[in-house]
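**Student:** According to Swiss-Prot:
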SIGNAL    1-17  signal peptide
DISULFID  21-53  disulfide bond
DOMAIN    21-74  domain 'TIL'
DISULFID  30-48  disulfide bond
DISULFID  33-44  disulfide bond
DISULFID  37-74  disulfide bond
DISULFID  55-68  disulfide bond
């Protein structure tokens, strides 16, 4: 029975680790829209996407490095 606490601890660590987001990102269980540099006119989905970290509402995803940045930092702004 000594393995039970170890298993619980491992599951807890794994569950919290997947919610670690990068700078200017936040976790959502139901992301619907994420702005991307160069695609500000792209319509947003009305259904939930896959749970993930996505850019904060006032930030844009820069391609190809995937960082979340201010709109003015987007290439060719």
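Including glycine, each Cβ sits where the backbone N, Cα and C put it.
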**Student:** Just to verify a number: CA distance, residue 48 (disulfide bond) to residue 33 (disulfide bond), in angstrom, no decimals.
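**Tutor:** For residue 48 (disulfide bond) versus residue 33 (disulfide bond), the Cα atoms are 9 Å apart.
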**Student:** Pull the DSSP breakdown for the domain 'TIL' (21-74) and write it out as helix, strand, coil residue counts.
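**Tutor:** Split by secondary structure, the domain 'TIL' (21-74) comes out as 3 helix, 13 strand, 38 coil.
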**Student:** Mind checking which of 30, 33, 53, 55, 74 has the fewest other CB atoms within 10 A of its CB? They're the disulfide-bonded residues.
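**Tutor:** The disulfide-bonded residues 30, 33, 53, 55, 74 were compared, and 30 has the fewest Cβ atoms within 10 Å.
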**Student:** For residue 68 (disulfide bond), list the number of other Cβ atoms lying within 10 Å of its Cβ atom.
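**Tutor:** Total other Cβ atoms inside 10 Å, all chains included: 23.
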**Student:** C-alpha of residue 21 (disulfide bond) to C-alpha of residue 68 (disulfide bond): distance in Å?
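**Tutor:** Pair distance, Cα basis, whole Å: 11 Å.
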**Student:** Within the chain of residue 44 (disulfide bond), which residues six or more apart in sequence place their C-beta under 8 angstroms from its C-beta?
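**Tutor:** Expected: 32, 33.
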**Student:** Any idea which of the disulfide-bonded residues 21, 37, 48 has the thinnest Cβ neighbourhood at 10 Å?
**Tutor:** 48
**Student:** Can you grab the distance from residue 30 (disulfide bond) over to residue 37 (disulfide bond)? Cα atoms, rounded to a whole Å.
**Tutor:** 22
